[in-house]
Amino acid sequence: MYDWLNALPKAELHLHLEGSLEPELLFALAERNKIALPWNDVETLRKAYAFNNLQEFLDLYYKGADVLRTSQDFYDLTWAYLLRCKEQNVIHTEPFFDPQTHTDRGIPFEVVLNGIAAALKDGEQQLGITSGLILSFLRHLSEAEAEKTLDQALPFRDAFVAVGLDSSEMGHPPSKFQRVFDRARHEGFLTVAHAGEEGPPEYIWEAIDLLKIQRIDHGVRAIEDERLMQRIIDEQIPLTVCPLSNTKLCVFDDMAQHNILDMLERGVKVTVNSDDPAYFGGYVTENFHALYTSLGMTQDQAKRLAQNSLDARLVKP
């Protein structure tokens, strides 16, 4: 079944480039940039990938991102991810990157973007993988800081298709970023947002009504609100669900409790994604395979999930 799932043409719509930084590449970049790491070797670092919640993961994620310093580093990071896409027949990807993670460390915005954009361009030309880049604001920072990031992005507007919202969800509702999202839409960007991962269904309502999103990233807690479920089904608002991430961060205690197939059967346009695959133990095919082994996902369900991902692209072929 793994090989069959791997061969299925699919799109990935919820992937943080910084979260695809495998320990081996992290150590190689640390050496290249002469950065001392708090871990002795790759295995010690991998053992640190045990999280009880979103915040514990984010603390490690930001520490790991510190090895990314030059455009070449960002190119290598993105290229390594694209090679995984090629292996798993991901024919289109819409990855996030978090500029504030890097600009707050003194890395110029264009250094980050140039490396990522060059790799995505090469990915299309050399690997046949199409893409659309999403600039994500960090929700634990202020809206004023998000505005500043949008200002930095505008000279490079052709490099992005959308803005998003990620990082620590609790206590940082989508409404906190309504003005900057209004402005981004006015500037011609599409919008997406993480909501309903650890946060309540109310955050999903806010993302839909205030941020006017095209897609909800995660959204698994929508099932707690029947009226919200009906709205998502009626309007066919896609959900970019990340099963391995959800179990690794204890959103669900184990995969057998995951609600993605329940949502699929109720008519929700759910998709399967890897989120931060280096940290959560699997890329897209591994996420599909986990649904097969733990939930008994059928081939028909897998085909529908893969088709949903292709249908929910912001960048249409």
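Keep in mind that glycine also has a Cβ here, set from the backbone N, Cα and C atoms.
Pulled from Swiss-Prot:
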type	residues	note
BINDING	H14, H16, H194, D275	Zn(2+) binding site
ACT_SITE	E197	active site, proton donor
SITE	H218	site 'Important for catalytic activity'
BINDING	D276	substrate binding site
Candidate recorded positions H14, H194, E197, pick with smallest Cα gap to the residue listed as 'substrate binding site': H14
All-chain count of other Cβ atoms within 10 Å of H14 (Zn(2+) binding site): 30
Residues within 8 Å of the H14, H16, H194, D275 Cβ centre (excluding the Zn(2+) site residues themselves): L15, G19, F96, D166, D217, H218, T240, C242, S245, N273, D276
Cβ-based isolation winner (fewest other Cβ atoms within 10 Å) among the recorded positions E197, D275: E197
Rounded Cα-Cα span from H218 (site 'Important for catalytic activity') to H194 (Zn(2+) binding site), Å: 6
